[in-house]
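Asker: Mind having a look at this structure? Questions to follow.
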Amino acid sequence: MPSMTSKVFAITGGASGIGAATCRLLAERGAAVICLADVSSTNFTSLQESIAKSNPSTLVHCTELDVRSADKVDQWLQSIVSTHGDLHGAANVAGIAQGAGLRATPTILEENDAEWSRILDVNLNGVFYSTRAQVRVMKDLPPGHRSIVNVASIAAFSHVPDVYAYGTSKSACAYLTTCIAADVFWSGIRVNCVSPGITNTPMLPQFEPKAKSLDEIKDMYRDQGYPTGEADGVARTIVWLLSEDSIPVYGANINVGACPP
């Protein structure tokens, strides 16, 4: 089991779902400092309390942050290094969903310009701004193992026509990750990507706004061959990629859960 003792991590979208699960697991593995950012501060206190129970030694710093702002992302990453003197790893989990459901055919005619821009702004631009800022601060730190993990989605592979913006943003996230990985590998920074399948997070019901319950959503996806996974499973893959145990791996996009072949 990889140890994260004495290490400093930054997690976007860290207050709920996969991001929160990643923060909790990093603390369980002994992380010294976890700096999490999220657009909503609602869960900050409860997550800090949860982490304190599992590992009182882990320092948790929460920042309200909109990853659509490149300047604010830069400031956040710079403040982490200024305060803690290092940044060993980062996971860019922040993202938003797109409601599917039944729409008229062809669905591209119903793709809303504002929704298209909003989703790509968070899911693609936010990942780009975050990864760029992380590379910027990491490259000037002393030599050592440094790793960045971005979160794409099963939607990058499934070609579902009623979530154009979401699928496009996640496909682009995966492509961006592999390009950055090749670019910064010789700087001692590994960059990888995970693509979760259907995952039980607070975002899941947003994909199916017409469903009456979470169980209905799970049953629907199961009937399509996609059983619903849990955030902890994705977090374990992210933490492995952040750890030295995964040092041979860079530029990968790892499917987690039920995904198309």
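Residue numbers in this text run from 1 along the chain shown.
The backbone N, Cα and C atoms fix where each Cβ goes, glycine too.
OK, Swiss-Prot features for this one:
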SIGNAL    1-20  signal peptide
BINDING   Ile18, Asp66, Arg132, Tyr166, Lys170, Thr201  NADP(+) binding site
CARBOHYD  Asn43  N-linked glycosylation site
ACT_SITE  Tyr166  active site, proton donor
ACT_SITE  Lys170  active site, lowers pKa of active site Tyr
Asker: What is the one among the binding-site residues Arg132, Lys170 whose Cβ has the most other Cβ atoms less than or equal to 10 Å away?
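Answerer: Of the binding-site residues Arg132, Lys170, the most buried by Cβ count within 10 Å is Lys170.
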Asker: Far apart in sequence but close in space: which same-chain residues, 6 or more away, have a Cβ under 8 Å from Asp66 (NADP(+) binding site)?
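Answerer: Spatial neighbours, sequence-distant, of Asp66 (NADP(+) binding site): Val39, Lys72.
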Asker: What residues, ordered by sequence, lie under 8 A Cβ-to-Cβ from Asn43 (N-linked glycosylation site) and sit at least six positions away in the same chain?
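Answerer: Those within reach of Asn43 (N-linked glycosylation site), by Cβ under 8 Å and sequence separation of 6 or more, are Ala15, Ser16, Ala20.
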Asker: At a 10 Å cut-off from the C-beta of Ile18 (NADP(+) binding site), count the other C-beta atoms across all protein chains.
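Answerer: Result for Ile18 (NADP(+) binding site): 28 neighbouring Cβ atoms inside 10 Å.
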Asker: Relative to the Cβ of Tyr166 (NADP(+) binding site), which residues of the same chain, six or more apart in sequence, are found under 8 Å away?
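Answerer: Once residues fewer than 6 apart are set aside, Tyr166 (NADP(+) binding site) is near Ala97, Gln98, Ile119, Asn123, Ser153, Ala155.
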